[in-house]
Amino acid sequence: MTVRNIASICNMGTNASALEKDIGPEQFPINEHYFGLVNFGNTCYCNSVLQALYFCRPFRENVLAYKAQQKKKENLLTCLADLFHSIATQKKKVGVIPPKKFISRLRKENDLFDNYMQQDAHEFLNYLLNTIADILQEEKKQEKQNGKLKNGNMNEPAENSKPELTWVHEIFQGTLTNETRCLNCETVSSKDEDFLDLSVDVEQNTSITHCLRDFSNTETLCSEQKYYCETCCSKQEAQKRMRVKKLPMILALHLKRFKYMEQLHRYTKLSYRVVFPLELRLFNTSSDAVNLDRMYDLVAVVVHCGSGPNRGHYITIVKSHGFWLLFDDDIVEKIDAQAIEEFYGLTSDISKNSESGYILFYQSRE
């Protein structure tokens with residue numbers, strides 16, 4: 001155990017009582033718990049994502065519902081369900097929990113995380129969501145094979161058919177449509193692509209709305225990049241653009257803050273100032289999109305602190321019952337809404353340490 005962890009444990013009671021005092025006994029939400037997570041050697045990338053997901057209510061509710069079922073052999077989802085259940089059923093309202101079982105399982109299942117080096121929070125989020133979806137799909141498949149699926153359809157799909165959607169997909173999955181218009185015959189072709197999170201490029205002194213608009217900018221395909229048009233049966237100049245066709249329940253936006261620099265032969269951090277609003281409406285939607293006017297509220301932000309992808313630290317800010325909290329491993333603090341501006345990034349292009357929003361979680365209104 002490190003000196004930092006020992007010091008943290010000594011301060012647990014102080015931090016916890018301070019948090020309860022800051023929130024106030026009358027304002028403290030009923031049946032809510034705010035627990036920090038112990039760092040097991042550069043596991044802040046994991047802790048920060050887990051805290052963000054815990055405060056994405058639809059995700060938390062489904063994980064806890066999974067825990068309530070009679071279960072099976074241990075896997076990453078059972079360990080996550082145990083952790084969420086442990087937080088949700090604590091007698092105390094605030095405190096610290098060691099996610100030891102989850103971390104051990106994670107390291108056992110994926111060599112990428114089986115070390116004490118700093119990892120990328122976005123890579124972990126992607127791995128976690130896909131792994132949970134795979135587990136749920138495999139369980140559904142096994143239930144069908146065992147004849148345990150109640151009210152089963154007699155016309156079941158073939159074995160090689162597309163896997164069933166899970167609650168992970170229902171919460172996070174959106175659809176992009178790639179539209180290409182031939183400039184000779186005006187024929188428009190489109191190809192759909194599903195996503196669980198959306199990665200967008202960042203520029204200096206911009207906003208999330210600007211980043212999303214750039215994501216869907218029209219690109220002209222000409223010269224050597226000409227498009228083969230099936231209607232013209234030849235290569236033609238064309239215009240290509242990406243639009244959002246299906247909006248997810250929770251929109252996870254990944255800001256591409258790490259860029260490979262040829263002259264340095266390594267990735268460096270783009271600490272650009274990117275404003276992320278508390279409310280968001282997407283305008284880069286396709287003409288046939290469902291719920292065009294869907295409004296989103298910011299519920300969590302995973303923040304990267306430092307100057308590079310393999311060094312630094314991750315923290316999370318979340319919105320819970322109308323107020324904001326900062327989770328820094330085992331430390332939990334109440335913060336003002338105005339303090340969120342500190343995590344937009346830096347206005348200077350000079351590479352230095354910064355606390356910058358890295359993964360944003362926006363939840364749609366009912």
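Placed from the backbone N, Cα and C atoms, the Cβ positions cover glycine too.
Taken from Swiss-Prot, the feature active site, nucleophile covers Cys44. Marked as active site, proton acceptor by Swiss-Prot on the basis of sequence analysis: His313. Residues annotated as Zn(2+) binding site in Swiss-Prot, with similarity to another entry given as evidence: Cys182, Cys185, Cys229, Cys232. The domain 'USP' feature in Swiss-Prot is assigned to 35-365.
Distribution of Swiss-Prot features across the structure.
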{"residue": "Cys44", "record": "active site, nucleophile", "Cβ contacts under 8 Å, 6 or more apart": "Gln118, His313, Tyr314, Ile315, Asp328, Asp329"}
{"residue": "Cys182", "record": "Zn(2+) binding site", "Cβ contacts under 8 Å, 6 or more apart": "Val188, Tyr227, Cys229, Thr231, Cys232, Gln236, Glu237, Ala238"}
{"residue": "Cys185", "record": "Zn(2+) binding site", "Cβ contacts under 8 Å, 6 or more apart": "Cys229, Thr231, Cys232, Gln236"}
Ask   = Counting only other Cβ atoms and using a 10 Å cut-off, which of the binding-site residues Cys229, Cys232 scores lowest?
value = Cys232
